[in-house]
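Visitor: Can you read through this structure? Questions will come right after.
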Amino acid sequence: MKIDKTLVVKFGTSTLTQGSAKLNLPHMMDIVRQLAQLHQAGFRLVIVTSGAIAAGRHYLNHPQLPPTIASKQLLAAVGQSQLIQTWEKLFAIYDIHIGQILLTRADIEDRERFLNARDTLRALLDNQIIPVINENDAVATSEIKVGDNDNLSALVAILVQAEQLYLLTDQQGLFDRDPRKHPDAKLIADVDKITDHIRAIAGGSGTSLGTGGMSTKISAADVATRSGIETIIAPGNRPNVIVDLAYGQAIGTKFSVQADRLESRKQWLYAAPSAGIITIDAGAENAMLMQHKSLLPAGIVNVEGRFSRGEVVKIRTQQGKDVALGMPRYNSDALHLIQGKHSQDIEQVLGYEYGAVAVHRDDMIVL
């Protein structure tokens with residue numbers, strides 16, 4: 001039986017370089033072997049990868065550049081293509097396709113871009129293609145940067161509704177003291193709640209090659225666990241670490257979820273103001289409530305209010321009962337045009353399409 005579970009795995013620069021000044025191909029080959037094993041077992045995988053700047057520096061033979069943002073962006077621009085080619089060639093050994101996505105904070109904070117990014121990720125995963133994600137360092141300014149791939153990976157985990165997020169690093173996990181200064185430091189195996197004490201012992205930044213230290217990993221774990229995603233900080237150089245984590249072995253530091261994924265989503269939908277009303281027929285009501293199906297345009301009989309794609313709306317029966325809250329894939333103007341029509345007619349009517357459904361079941365809470 002295949003496993004239906006979504007994992008986001010973040011690889012830091014130190015993990016991919018193994019402490020050197022370039023990508024460590026033998027180590028990356030072993031990483032891909034593990035990911036291929038999980039992919040073939042049915043896990044839905046998303047990679048968040050660092051390493052573009054290190055790859056660019058090596059490709060350009062370690063040029064002497066001033067320590068400016070422009071220099072880093074130059075290295076990222078050159079190195080990103082080298083980095084993605086490396087992932088692509090290694091996955092090709094196992095006949096697995098990957099898809100590159102470069103994100104900035106603006107892509108996540110803007111509703112339309114957020115939905116587009118989410119839909120792209122879903123499409124890749126639904127077609128057994130592994131998304132490989134990095135921040136778009138070559139063009140991002142400080143105002144639109146997420147800032148580090150730890151926090152980016154947490155946001156990506158929310159985008160794809162992952163069950164788990166793995167932050168792989170050059171450390172064994174979170175220790176009660178800095179193990180580089182205190183040889184007797186003890187590994188903290190489980191963190192039930194991220195407190196000020198946990199943040200304090202996380203300390204500052206990590207290696208010089210990357211931008212993320214233990215403190216950014218704690219920040220990422222906080223974001224993810226509040227959204228119902230279990231997060232684990234684990235050593236990227238441990239043999240078979242990804243496979244072992246996926247099958248439940250205790251490695252590194254595990255951060256327990258702070259809220260159930262569905263409950264977290266329910267609270268958000270309940271709290272959001274309703275921007276409009278979609279009235280549905282009896283067939284759509286039965287499909288949604290009894291069969292847990294998405295809402296199709298064919299089942300819509302009326303659309304009230306003006307709303308954008310992704311705003312929260314009430315879904316109401318013809319008897320006037322509110323039965324669900326949802327985030328439609330189309331704005332109110334588009335829904336007016338396609339209501340009552342078959343899904344295959346959407347593109348012909350609108351000139352574009354965001355999928356066959358009006359409101360996806362994953363974006364809907366039944367009341």
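Placed from the backbone N, Cα and C atoms, the Cβ positions cover glycine too.
What Swiss-Prot shows for this protein is this:
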type    : residues                                                  : note
BINDING : K10, T169, D170, T211, G212, G213, M214, S215, T216, K217 : ATP binding site
BINDING : S50, D137, N149                                           : substrate binding site
DOMAIN  : 275-353                                                   : domain 'PUA'
Visitor: In which DSSP state, out of helix, strand and coil, do we find M214 (ATP binding site)?
Guide: helix
Visitor: On the DSSP side of things, how many residues of the domain 'PUA' (275-353) fall into helix, strand and coil, could you say?
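Guide: Secondary-structure composition of the domain 'PUA' (275-353): 26 helix, 20 strand, 33 coil.
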Visitor: Limited to the domain 'PUA' (275-353), I'd like the whole-number average of pLDDT.
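Guide: When the pLDDT values over the domain 'PUA' (275-353) are averaged, the result is 94.
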Visitor: Out of the binding-site residues D170, M214, T216, give me the one sitting nearest to N149 (substrate binding site) by CA distance.
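Guide: If we rank D170, M214, T216 by Cα distance to N149 (substrate binding site), first place goes to T216.
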Visitor: What are the sequence-distant neighbours of K10 (ATP binding site), meaning same chain, six or more residues apart, C-beta distance under 8 angstroms?
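Guide: Long-range Cβ contacts: I47, V48, T49, S50, N149, D150, L152, S153, L165, Y166, L167, L168, A220.
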Visitor: Taking S50, T216 as the binding-site residues to compare, which has the smallest set of other Cβ atoms within 10 Å?
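Guide: T216, out of the binding-site residues S50, T216, has the fewest neighbouring Cβ atoms within 10 Å.
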Visitor: Over all shown protein chains, what is the count of other CB atoms within 10 A of the CB belonging to N149 (substrate binding site)?
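Guide: A count of 28.
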